[in-house]
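A.B. asks: Swiss-Prot lists these features:
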type: SIGNAL; residues: 1-13; note: signal peptide
type: TOPO_DOM; residues: 14-487; note: topological domain 'Extracellular'
type: CARBOHYD; residues: Asn36; note: N-linked glycosylation site
type: CARBOHYD; residues: Asn107; note: N-linked glycosylation site
type: CARBOHYD; residues: Asn176; note: N-linked glycosylation site
type: CARBOHYD; residues: Asn189; note: N-linked glycosylation site
type: CARBOHYD; residues: Asn238; note: N-linked glycosylation site
type: CARBOHYD; residues: Asn441; note: N-linked glycosylation site
type: TRANSMEM; residues: 488-508; note: transmembrane segment
Amino acid sequence: MNKIYYILFLSAQCLVHMGKCERNQKTTRLTRSANNASLEKGPIIERSIRMSNPWKAFMEKYDLERAHNSGIRIDLGEDAEVGNSKYRIPAGKCPVFGKGIVIENSNVSFLTPVATGAQRLKEGGFAFPNADDHISPITIANLKERYKENADLMKLNDIALCKTHAASFVIAEDQNTSYRHPAVYDEKNKTCYMLYLSAQENMGPRYCSPDSQNKDAMFCFKPDKNENFDNLVYLSKNVSNDWENKCPRKNLGNAKFGLWVDGNCEEIPYVNEVEARSLRECNRIVFEASASDQPRQYEEELTDYEKIQEGFRQNNRDMIKSAFLPVGAFNSDNFKSKGRGYNWANFDSVNNKCYIFNTKPTCLINDKNFFATTALSHPQEVDNEFPCSIYKDEIEREIKKQSRNMNLYSVDKERIVLPRIFISTDKESIKCPCEPEHISNSTCNFYVCNCVEKRAEIKENNEVIIKEEFKEDYENPDGKHKKKMLLIIIGVTGAVCVVAVASLFYFRKKAQDDKYDKMDQAEAYGKTANTRKDEMLDPEASFWGEDKRASHTTPVLMEKPYY
């Protein structure tokens, strides 16, 4: 059996060494650095071709299609049924800072309760009507008092608590409905408002009347980010409790959004340029152009204002629905943006330009003259701290990671593998073949290496693609090696198993043969071998002789019984 173990041990060693060879033979994953090719005595410095992005984690909250996943300017991204009626309700996962609803030609705030009873239609707003149980508006202090026995709710921040409060109420006529009311939180007054109406826009002479004198006509309204709404935060039922980690709030100072292109953050080439006098104005512009779920097809006529007014007075949702969510919204034009739109902008504070675009940014460019903003962001709040060490830290992490891999898998351990990062505050760390260029308008004292050939480029629609001549390195680069290695391992493993099984049978049979051979041999019981052999073969020998002897029929020792 020791031979079997020896064979298995040698086979395992063979597989281990084959794995090491396979890793060391991946020459396509590394490129020799030009300025270090002549270093024979020192460590070999090579450049990885893996295009990792050091901004990946930082930029996750700015991927608004994933983080918010619904309209921003108009958020009607979810359907809900109440009884036999279908409604569209807000569904965004992030707060929208500075968003409010403007009622045209009216001094009534949208945070005013809707008109009920004898009130005329335009005397009311969008907020929840007064009720016996005072649930809206309600201050954060009163909310905390209301839910003081609920430990989980007491852990929430003010915005999450307001959202949770509004979403906790279910319509009495349908307890199983997923319909929930949106909310608005006033950060200045620390007050939470539940909204009775989910609609955010109703415009055009066919659907509303801007005439302020016609108090019974349906009012026109639209979303906006004006100065009056700076302290407001628009909330859907789906806003994450940990939105601070998943959603943007502050604008980014000394920065502009860019695209990560093989080792450096580059300008977004295809943008829409708009005049803007301030960051606030640029933020308002990008909000107006942002993702919208507003339906574009309505029914032919909407003239029964008396019916609409009666709907408010009687709290009849079917009548209200016909005004705010017309029939066409649920037919061919039930549009859901899923967060896709012109959601990002770079504001040039020197030239007063606002550059808006609909491509998800993947990095930040350090520029003291710019601000990066989103349609979700606060109109004024700014974070001026640029993460200057992000490149240097990532280079150090990647080198340590590659060093560990070299120690595990490389025969030649005298190698340093550099990541494809060609910008840093430490110009020595990027190992540039030429003199790195100093970025003059950077607040972080960055150096960039521009003489290394890029393996990727920006094409139309701001799409980053790998250049044609390098595609072979990135089209499942490990797939062929892994497939080949897998076949080799399967073959070797199969051969080892066959050899092991054959060896097992061979040694087991040999062991049995040896055992029976020993049984056939004479054993020393005080007599010579020849004497015992003669006794065993002599049929006249006494079976119960006085001396002990082996049986000639069985391999056991028999003795004379005593009675």
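Using N, Cα and C of the backbone, Cβ positions are placed for all residues, glycine too.
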A.B. asks: Mean pLDDT for the topological domain 'Extracellular' (14-487), rounded to an integer?
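C.D. replies: 85, rounded to a whole number.
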A.B. asks: Per 10 Å Cβ neighbour count, which of the glycosylation sites Asn107, Asn176, Asn189, Asn238, Asn441 ranks highest?
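C.D. replies: Most Cβ neighbours within 10 Å: Asn238.
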A.B. asks: Looking at the glycosylation sites listed here (Asn107, Asn189, Asn238, Asn441), whose Cα lies nearest to that of Asn176 (N-linked glycosylation site)?
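C.D. replies: Closest by Cα: Asn238.
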A.B. asks: Expressed to the nearest Å, what is the distance separating Asn238 (N-linked glycosylation site) and Asn189 (N-linked glycosylation site) at their Cα atoms?
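C.D. replies: So the alpha carbons of Asn238 (N-linked glycosylation site) and Asn189 (N-linked glycosylation site) sit roughly 23 Å from each other.
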A.B. asks: How big is the Cα-to-Cα gap, in Å, between Asn107 (N-linked glycosylation site) and Asn441 (N-linked glycosylation site)?
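C.D. replies: Given the Cα positions, Asn107 (N-linked glycosylation site) is 46 Å from Asn441 (N-linked glycosylation site).
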A.B. asks: Taking just the CA atoms, what is the gap between Asn441 (N-linked glycosylation site) and Asn189 (N-linked glycosylation site) in Å?
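C.D. replies: That comes out at 40 Å between the alpha carbons.
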